[in-house]
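What TrEMBL records for this protein:
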{"type": "BINDING", "residues": "Asp19, Phe20, Asn21, Arg35, His58, Leu59, Gly60, Arg61, Arg116, Arg149", "note": "substrate binding site"}
{"type": "BINDING", "residues": "Arg35, Arg116, Arg149", "note": "(2R)-3-phosphoglycerate binding site"}
{"type": "BINDING", "residues": "Lys201, Gly292, Glu323, Gly352, Gly353, Asp354, Ser355", "note": "ATP binding site"}
Amino acid sequence: MKTLNDFNFENKKALIRVDFNVPLNDKFEVTDATRIVSAKPTIIKILEDGGSCILMSHLGRPKGFQDEFSLKHIASKVEDILGVEVKTVADCVGADVEAAAASLEPGQVLLLENLRFYKEETAGDKDFAEKLSKLGDIYVNDAFGTAHRAHASTTIIAQFFNGKKCFGSLLAQEIESINKVMETGEKPVLAILGGAKVSSKITIIENILDKVDHLIIGGGMAFTFVKAQGGKIGNSICEDDKMPLALDILKQAKEKNVQIHIPVDTVAADDFSNDANTQIVDINEIPDGWEGVDAGPKSRKQFHDVVMQCKTILWNGPLGVFEMESFAGGTIELGNSIAEATKKGAFSLVGGGDSVAAVKQFGFEHKVSYVSTGGGAMLESLEGKTLPGIAAILE
Ligand SMILES: Nc1ncnc2c1ncn2[C@@H]1O[C@H](COP(=O)(O)OP(=O)(O)OP(=O)(O)O)[C@@H](O)[C@H]1O
Ligand SMILES: O=C(O)[C@H](O)COP(=O)(O)O
């Protein structure tokens, strides 16, 4: 696995695929700069070697050239974070871009315009990838968030850099963190899967059963398991067609010696709103007209005890409807438990869209070992898939 340390970038132009697909508000200000901050070590290492950096990224899902998706909106933020002037150019291929790249001096940074202004990017077009490849001497992929896309700049381009391609430090760190959970982590290994739907997590569950000692199934998806075993779940969300699969997962877990933990009680609400009436009920006895919206106190205690026993912890998906303050308690307590276990030496990885949002919202970001910058890329990694962006560097 080639990393930045295998190259000396002195007088070299590094063409770096970053994932600067960051959220913007209506004034086009970056509201979460994590992905930019996370790419900084790679960029700084190259500049310190005496190289220059050509940064390429997508932003959103534009249809052609659309100003609202222009990367010029984030250039000053990138500049602030890097502490280095960031030059911009109004395109990502063509004569102006080639001239801007050619005139780049060691120590300088150039940010190209949104790659997805060209449909060739997502189509994985080889000619487009080749045009991009001409801009730099060494290709560095540091875009973990987009590593599950076989796009021109993430995957196809790598074939034009035989022996001159490597992982950036963010991508290397993401791979290492996933490997720690899936392959090399100290036992006992625990995965906590929450969120709304079983259907979106099935492949992960099936893959992970071979890797973990404990599996907590929480959040909305727990109710499919509860109902499948004969529990009364009131109006709680449930995928009836997935109940046979839920039973099969429980059977597989038994065969594989994986201990499954499902909530034993729940905060039930009489309405899906923050000011609904609530009561704590047994998970198998949710009254009609009420729905489970958060883990109950006994479940929180049960999950805390499991977390504290484990040395490697993966967390994907909230334990309740954490967006509503009244139903965020279970997710917050789980975050506290993971933070405590991490402090005692466990390795903890948080990944996936909503759990990362929850971790940031409740201030656990620096209390866990690693927070992934990938949403879909993280989920596909947990499914056991080889991500095309990663494979392209290894080839
Ligand atoms: N008991 C519940 N009833 C209804 N919705 C729930 C419940 N528990 C959690 N959720 C909802 O699940 C959603 C998150 O589910 P999702 O599967 O998307 O999570 P994730 O794995 O963190 O994110 P992603 O799949 O986007 O990476 C949240 O919006 C949350 O409100
Ligand atoms: O935010 C993400 O998950 C990545 O930047 C990939 O974006 P996409 O889902 O539009 O390909």
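For all residues, glycine too, the Cβ spot is worked out from N, Cα and C.
TrEMBL entries are annotated by machine, without manual review.
The Cβ of Gly353 (ATP binding site) has Gly375 as same-chain neighbours under 8 Å, each 6 or more residues away in sequence. Note on the binding-site residues Asp19, Glu323, Asp354: the fewest other CB atoms within 10 A surround the CB of Glu323.
According to DSSP, Asp354 (ATP binding site) sits within a helical segment. Cβ crowding, taken as the number of other Cβ atoms within 10 Å, peaks at His58 among the binding-site residues Arg35, His58, Arg116, Arg149, Lys201.
Of the recorded residues, Gly60 (substrate binding site) and Arg149 ((2R)-3-phosphoglycerate binding site) place their C-alpha atoms 14 Å from one another.
Once the Cα atoms of Arg35, Arg116, Arg149, the listed binders of (2R)-3-phosphoglycerate, are compared pairwise, the greatest separation found is 18 Å. Here Arg35 ((2R)-3-phosphoglycerate binding site) is positioned 16 angstrom away from Asp354 (ATP binding site), judged by their C-alpha atoms. In this structure, the binding-site residues that sit close to ligand 2, with a C-beta under 6 angstroms from any of its atoms, are Asp19, Asn21, Arg149, chosen from Asp19, Asn21, Gly60, Arg116, Arg149, Ser355. Proximity of the binding-site residues Arg35, Arg116, Lys201, Gly352 to ligand 1, judged by a Cβ distance under 6 angstroms to any of its atoms, singles out Gly352 in sequence order. Within its own chain, Gly352 (ATP binding site) has Gly195, Asn316, Gly317, Ser372, Gly375, Met378, Leu379 as residues 6 or more apart in sequence whose C-beta sits under 8 angstroms from its own. When the record's substrate-binding residues Asp19, Phe20, Asn21, Arg35, His58, Leu59, Gly60, Arg61, Arg116, Arg149 are compared pairwise by CA position, the greatest distance found is 18 Å.
Summarising the environment of Asn21 (substrate binding site), the number of other Cβ atoms within 10 Å of its Cβ, over all protein chains shown, is 21.
Between the two most distant C-alpha atoms of the annotated ATP binders (Lys201, Gly292, Glu323, Gly352, Gly353, Asp354, Ser355) there are 22 Å.
Separation of the C-alpha atoms of Glu323 (ATP binding site) and Arg35 ((2R)-3-phosphoglycerate binding site): 22 Å, rounded to the nearest whole number.
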